[in-house]
Amino acid sequence: MSGSSWLLLSLVAVTAAQSTIEEQAKTFLDKFNHEAEDLFYQSSLASWNYNTNITEENVQNMNNAGDKWSAFLKEQSTLAQMYPLQEIQNLTVKLQLQALQQNGSSVLSEDKSKRLNTILNTMSTIYSTGKVCNPNNPQECLLLEPGLNEIMANSLDYNERLWAWESWRSEVGKQLRPLYEEYVVLKNEMARANHYEDYGDYWRGDYEVNGVDSYDYSRGQLIEDVEHTFEEIKPLYEHLHAYVRAKLINAYPSYISPIGCLPAHLLGDMWGRFWTNLYSLTVPFGQKPNIDVTDAMVDQAWDAQRIFKEAEKFFVSVGLPNMTQRFWENSMLTDPGNVQKVVCHPTAWDLGKGDFRILMCTKVTMDDFLTAHHEMGHIQYDMAYAAQPFLLRNGANEGFHEAVGEIMSLSAATPKHLKSIGLLSPDFQEDNETEINFLLKQALTIVGTLPFTYMLEKWRWMVFKGEIPKDQWMKKWWEMKREIVGVVEPVPHDETYCDPASLFHVSNDYSFIRYYTRTLYQFQFQEALCQAAKHEGPLHKCDISNSTEAGQKLLNMLRLGKSEPWTLALENVVGAKNMNVRPLLDYFEPLFTWLKDQNKNSFVGWSTDWSPYADQSIKVRISLKSALGNKAYEWNDNEIYLFRSSVAYAMRKYFLEVKNQMILFGEEDVRVANLKPRISFNFFVTAPKNVSDIIPRTEVEKAIRMSRSRINDAFRLNDNSLEFLGIQPTLGPPNQPPVSIWLIVFGVVMGVIVVGIVVLIFTGIRDRKKKNKARNEENPYASIDISKGENNPGFQNTDDVQTSF
């Protein structure tokens, strides 16, 4: 048989083997899809029941259903390993196997897997049920939604906002801290067992594309793209930041620095994530009709149902389908109030089996009107790819899923669209001033959040990678917040806090970079869809409603789900394979030009040194080595606790004896910041149970003077080695060393005297010997005057010579 015949037979055999493996894999996946549909639905339904009615029974039901689903996935993942990916040619089959071969959390031992589920459920419950009570009336308590969020959205009272901001983090963040520490360890273990560097790397894997010619994309490339696009966005953000700072100075003149960072609790919501609610304080041309249509919605008696029906009309107008009847029957669109505890954070649900729902405690505001479009965008995506195999029913990447609803929000927010649905009056006229008002409102929501998103995820990536030690989480968090976002903590937070976990997405295990990538995608999509809609004019004026051409272009991409690489899906819509910030910058170009003109006489950027509590802070410097030498002790958290307790004692004593007031200051009321390794820090004091009431520095100084010696004694230091900068040393005796100083001085003086006497004695003896020797060697005839008959002493009787003293 010829060589070519052998080669042909070999190729046939290999093809047959591959065909057999692929056929077996297809059969396996068909069986998996059928079984997964039922188990996933039961698990999702149990999770929905818990999120809409938080009870112990529903927690247990959710855990049981989740355990069954996890066990099934673990078993199927093991079976999927039997099919080598390199021998699979069919891309659809290959992608499904690739997804299933990822073990996820099932790679952990049974005990660790259960512990991780318990941690996740507990964090979710703490977040959703956390409440803050009035210190003066413990029966008056507020949940995050609507109570605390209402304060953070609308209050102009600096101290009330500070109370809400700090109390949420103190009550919820501190509870979450030990759980989040465990979560990081277990998630990292899971990720590494799945062949990722850490959990952040595991999350970035959602963007990875391998083996698809020129459409490949690496996890490292995501980091590079995010960083370089952020640098392009920074100039616009810095000018927005400077403009907002100037307006906040008008509202809070004694609390803002004209060159400093923005206090975190003044930025429109609990986290400073979206600055939308700052619009009323920052509107450039207030005499123009208000483009925030909240009042119009209230006046026209809109409710949650109307809001979502209007969102549905928008999607239908571009050729996308209506919501299903089951959607309207099963969704929870309003807060049930005291009837049951619910997770109020807006979420869209694809439970499987054609069951799509939204959970949202909708309020009648323009912000929630746009949020409804966002959440319904998720549902449209879910419905579009429902025909895909189970494992490919997802967005091309997580950012795509978030972007779909945001595209619609860009159009729904335009004055043109708001006029068309009766929320702006028919005689509303657009001009340069209304254009700037509109773009500023959009920028507060869109541009203002980008550094927040980037910094949060960068911090988490560093934590998962081990680049931030656990005992420096909060220190690094606020350093990065100052440097990257230009936002400062209104009060210092130590390592008992867990401020990142006070955000829903962190405590509920969502990756966050999706909200950064989605923002870039949404403007790329918007530009492409506006072209399909034959829009002419600036991008920010485009409204794609009623354009079925734009809708069809979008729908073609949505239907792909995860069956094609996201780079290919992006290219199909926008003509490019990568993220591009240009459409976003084009959209905001008129605003950027206006902001630069407005900021001509303002400082653009921020100093990271300033803090809102600086004026009332006292700096402390401690010199342990110079004071105690080899007996110096280590300065650690226990010493800080002792210091805070000592100051609290001084405050109690001062207020009782000088002001005749019994105020029970505690160590938690002494706030320490800027702790440096060479032992220096700042502190200030707040009233018990009221962080917004800072005790004036002058009062604290008086209390310190009054108890200075007691504080010194607690640390075995004196006024020179325990310095309160700005407070003069007291007249009280310093801390006595083990041996009295006068004894030491006396001993030194006596030693010097004795040494002096000894030196004198030996010097005298030495000099006498020298003189005698000189006398003996002198020529006896040298000075004789012979004419005078001088006596020759050499012949005199030596007995007459007296010994010299």
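Glycine residues also receive a Cβ, built from the backbone N, Cα and C atoms like all the rest.
According to Swiss-Prot, the protein has these features:
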type	residues	note
BINDING	Arg273, His345, Pro346, Tyr515	substrate binding site
CARBOHYD	Asn53	N-linked glycosylation site
CARBOHYD	Asn90	N-linked glycosylation site
CARBOHYD	Asn103	N-linked glycosylation site
CARBOHYD	Asn322	N-linked glycosylation site
CARBOHYD	Asn432	N-linked glycosylation site
CARBOHYD	Asn546	N-linked glycosylation site
CARBOHYD	Asn690	N-linked glycosylation site
MOD_RES	Tyr781	phosphotyrosine
MOTIF	781-785	motif 'SH2-binding'
MOTIF	781-784	motif 'Endocytic sorting signal'
MOTIF	792-795	motif 'PTB'
SIGNAL	1-17	signal peptide
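Each of the glycosylation sites Asn90, Asn322, Asn546 was scored by other CB atoms within 10 A of its CB, and the lowest score goes to Asn322.
Within the set Arg273, His345, Pro346, Tyr515 that the record links to substrate, no two Cα atoms are more than 15 Å apart, and one pair reaches that distance.
Surrounding the centroid of the Cβ atoms of Arg273, His345, Pro346, Tyr515, where the record places substrate, the chain contributes additional residues within 8 Å, namely Phe504, His505.
The average pLDDT for the motif 'SH2-binding' (781-785) in the predicted structure is 42.
Closest by Cα distance to Asn103 (N-linked glycosylation site), from the recorded positions Asn53, Arg273, His345, Tyr515, Asn546, is Tyr515. Taking the glycosylation sites Asn53, Asn103, Asn432, Asn690 in turn, the residue surrounded by the fewest other Cβ atoms inside 10 Å of its Cβ turns out to be Asn432. When the binding-site residues Arg273, His345, Pro346 are ranked by how far their Cα is from the Cα of Asn90 (N-linked glycosylation site), Pro346 comes first. When Cα-Cα distances from Asn322 (N-linked glycosylation site) are compared across the binding-site residues Arg273, His345, Pro346, Tyr515, the shortest belongs to Pro346. Counting in whole angstrom, Arg273 (substrate binding site) lies 28 from Asn432 (N-linked glycosylation site) by their C-alpha atoms. The most densely surrounded of the binding-site residues Arg273, His345, Tyr515 is Tyr515 (count of other Cβ atoms within 10 A of its Cβ).
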